[in-house]
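One structure is given here, and the rest of the page talks about it.
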Amino acid sequence: MEVEKRFGDLEMMESQQQQQQHEAVVGSSNVANMPGGVGPRDADEKRLNELGYKQEYRRLMTPFQQWAYTFSYTAPLGFITGYYGFMYSYGGPVTIIWGYLATTFGTLCMAFGMSEIISAFPTLGSVYYWVAQLVPKKHVAWLSWFVGWVYLFGSFCGTALNEYLLAQLLATCILLGTGGAQGNGYTLTAAQICGVTAALFVLHFFVSIVNTPWLGLLSTIGAWFQILSIVVICITLLAISPKYQSAKFVFTHFVKAPGNGISSGLLVVLLGLPYAQSILTGFEVGSHVVEEVKTAAMAGPRAMIRSVYVTASTEFVLLLVLTFCIQNPDNVLGDNTMTGGGDASAASQIFYDAFHAKFGHGSGGAIAFTTFACISLFFGNITNVTLTARMAYAMARDCALPFHYWLVTLTQKERIPINATIVTVIGSFICTLPSLGSSVAFTAITAMSTITAYGPYFVILACRHIFDNRFKPGPFSLGKWGIWIGGWGALWGAVMSILFCIPPEYPVTGSTFNYASVSMSGAILAGVVYWFTVARHNYKGPKRTIELATDSDDDVVKPNGDFGVHALTASKLPEVDGNHLDLKGSNGTIANSNDANFVKKPRNNFEVPTSEFPPLGGKHKNHLDLNGDEKV
C-alpha cells in the first residue's frame, strides 16, 4: 500500500507539472508541451530532444536578434577605443592595419570551423558540450569538464575586463570634464575605479535578468548603436581633421614599443597581435542563447560568421580613420597631454587633438566620443553577463559545478537563470579586485579572458578533425574544405594562446613578468583538485533531461521529468503508442511480468514488471529513482 501511495503521489505530481515539462517520449514522436504552454513541438525542439534536453527556455529570439546579441557583445567602438594605444605601442600602424587583417583571417577560419559544430549541436553549453559530442566516450567526462571549467573561468575574467575597461573610460571622461591632466582635472584612484566597476555590475545584473523579448530588443538596439556610432565618429573625424597622415605612415610606420626594452621588431609585432585578437574574441557567444532562437541549426552558424566579418569590417574602417586622423603622433602615447598619456587613453587623445585642431578646444568632442565608447561597452557587457550566466547554468544542469541544484533555478515566469546570474556578477567583480594592488596582476587576469577562449577553441577544432568519423554535420557544412579551414583555425587559436603568455617588457622582473601563464596554471590546478575530489563523482558528461528511443535502440532511456530512468530493455515492455508510463496495475496494484494482467492500459499507458523497479527513497520521497542510485 505504501508503494501504491507513492506511485499515486508521483502521478499527481506529474499532472501538476505538465505545463512546465515535456512528458516522456518512448518509441514515439508525439507532440509535447513546452514550458508555459507554448504549443506543439517544432523542428528546433525536436532536435533539442534528440540531443537529450527538454525545452526550458522560450524560443522568442529571432535569428537577427541572435546575431545582434553576438555583435553587441563584440562592442567594436568600445574595444577599439580601449585597445588602440596598446596596438599602437606594439608596432604602431603596421600592427594596427596588417596585424589586424591577419587576425581577421585566422578568426574567420575558427568561426567557419566552429559554425559546423554549432549547426550539428544547437544547444547550451557551447564549447564543453561540443567536446563531449566529438570525442570517444572514454574521454567525454574529463575532457569536456576541463574545457568547460577553463572556458567558464575565462568568461568571469572577460566580464571583469569589460566592466573594468568601461570604468576606466568613464574615468577618462571625468578627467577631461574637470579640466584634463594639464588643467588639474580630477583623476579617479584605483579604489574609486573599483567602486565604479561595482556599481556597473549591479546595474548590469538588473538589466541582464529581463525576459527574452527585452533581451533581444536590447541586443538589437546595441547592435545598431555599435554601427551608427562608428559611422558618426568616422564621418566627424574625417570632416573636422585639418590634416591627414600619409598613406605611407598609415600602412608602413612602425613603433617599436617605446620604453619596453624590446630590440626585436618581430617580437614587438607578436606582442601586438594579441591585442588585435582580443577585439575579435567572442564570435561564438550566440551559442549561449541558441535554445532561445528559432531555426537554431542555421541561425547559430550564420550569427557566428556574420559577427566576425561585420565586426572586422566596422573595426577596420574605424582603425583606418583613427590612424589617418592622427594630428600629432607624439601625443598618441605621450604623457604631456590632456588625457594624461598611457595606452588606455590613446584613442581619446586622438579625438581631443582633432577637435582641438579644428575648434581650439577638444574636451567636449573627446568626452562625447569616449562616452559613445562607454555606451558600446555597456551594451557589450549585457551580453557578457547573460552568456556567462547561461554557461554556468548549462554546466550546473549537468551536475558539473558546485551547488548545481541551486544554480539551475529559473524564474517562474520568464525562465531566467537568476542564481547563475548572481554568481556571475559577484564572481566577475572579484576578478577585478587585483587592480587595487597591482596593475600587472589585473593584466594577467584580462589576458586570461582571451587565452581561456582560444584554448577551448583549439581543443574543439582539433577534436573535430582528429575524430572526424564521429562527426555528423548539421544543415550547415563546409564539406571537404572543413578539415583545412578548421585545421588552420585550430592552429591560429593555439598560437594566440601562446603569444598572450609572452612578457610584454624586458628585462623580465617581478613587476614586468606576464602572470597569465601563472594564472592559467592556477586555474588548471584548482580544476584538477576539484575534479578528483568532487566533480568526477557527479559529472559523467552532459546530462540528458529527455531522451528518445529509436528503432535501433535496445534500451528505453530517461523519459523527461524530475525522476531518472533505468535502462529498461525494450524487449521486456509491450508495444505502446503513447507517451505515459503507468506504474500501477489495472486493479490499483503493482503488476507482475508473469501475471496475465501485464497488458496495455487505457490512455496509451503500459505497465512495468515489479522486477524492474528500483527502490524508492532518498531525499526525493515522491520521486521514482530509476537510475538505481537515488540521484535525480
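These residue numbers are counts, starting from 1, taken along the chain as shown.
Just so you know, glycine gets a Cβ as well, placed from its N, Cα and C.
Sequence-distant contacts of the transmembrane segment (67-86) (same chain, six or more residues past either end, CB-CB distance under 8 Å): 61, 96, 162, 165-166, 168-169, 215-216, 218-220, 222-224, 226, 229-230, 233, 272, 275, 278-280, 282-286, 289, 299, 302-304, 306-307, 310-311, 314-315, 318-319, 322, 332-333, 342-348, 350, 369-370, 372-374, 376-377, 379-384, 387. Residues annotated as transmembrane segment in TrEMBL: 67-86 (among others).
The annotation transmembrane segment is assigned in TrEMBL to 98-131 (among others).
Look at TrEMBL and you will find 143-161 (among others) tagged as transmembrane segment.
The transmembrane segment annotation in TrEMBL covers 193-215 (among others).
Annotated transmembrane segment per TrEMBL: 221-240 (among others), in sequence order.
Through the fold, the transmembrane segment (308-329) approaches residues 71, 74, 76-77, 79-80, 84, 93, 96-97, 100-101, 104, 107-108, 111, 226-227, 230, 233-234, 237-238, 241-245, 249-250, 253, 279-280, 283, 347, 350, 353-354, 356-357 of its own chain, all at least 6 residues removed from its boundaries and within a Cβ separation under 8 Å. Per TrEMBL, the feature transmembrane segment maps to 308-329 (among others).
Annotation comment: TrEMBL describes 366-387 (among others) as transmembrane segment. Tertiary neighbourhood of the transmembrane segment (366-387): same-chain residues 69-70, 72-82, 155, 158-159, 162-163, 165-166, 169-170, 172-173, 176-177, 200, 204-205, 207-208, 215, 218-219, 221-222, 225-226, 229, 232-233, 236, 285, 288-289, 338-339, 347-349, 351-352, 355, 421, 424-425, 428, selected by CB-CB distance under 8 Å and a gap of 6+ residues from either end.
The transmembrane segment annotation in TrEMBL covers 416-436 (among others).
Panel annotation: around the transmembrane segment (442-460), residues 110, 114, 117, 127-128, 130-131, 134, 143, 147, 150-151, 153-155, 157-158, 160-161, 164, 274, 277-278, 281-282, 284, 431-432, 434-435, 489-490, 493-494, 496-497, 500-501, 514-516, 518-520, 523 of the same chain, lying at least six beyond its termini, place a Cβ under 8 Å from a Cβ of the stretch. The annotation transmembrane segment is assigned in TrEMBL to 442-460 (among others).
The transmembrane segment annotation in TrEMBL covers 481-500 (among others). Listed as Cβ neighbours of the transmembrane segment (481-500) (distance under 8 Å, sequence separation of 6 or more from its ends, same chain) are residues 103, 106-107, 109-114, 116, 270-271, 273-274, 277, 447, 450-451, 454-455, 457-458, 461-462, 464-465, 468, 473, 514, 516.
TrEMBL lists 512-534 (among others) with the feature transmembrane segment.
As annotated by TrEMBL, region 'Disordered' applies to 610-632.
Summarising the annotation, TrEMBL assigns compositional bias 'Basic and acidic residues' to 623-632.
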Beyond the flanks of the transmembrane segment (512-534) by at least 6 residues, Cβ under 8 Å: 142, 145-146, 149-150, 153, 402, 440-441, 443-445, 447-448, 451-452, 500-506
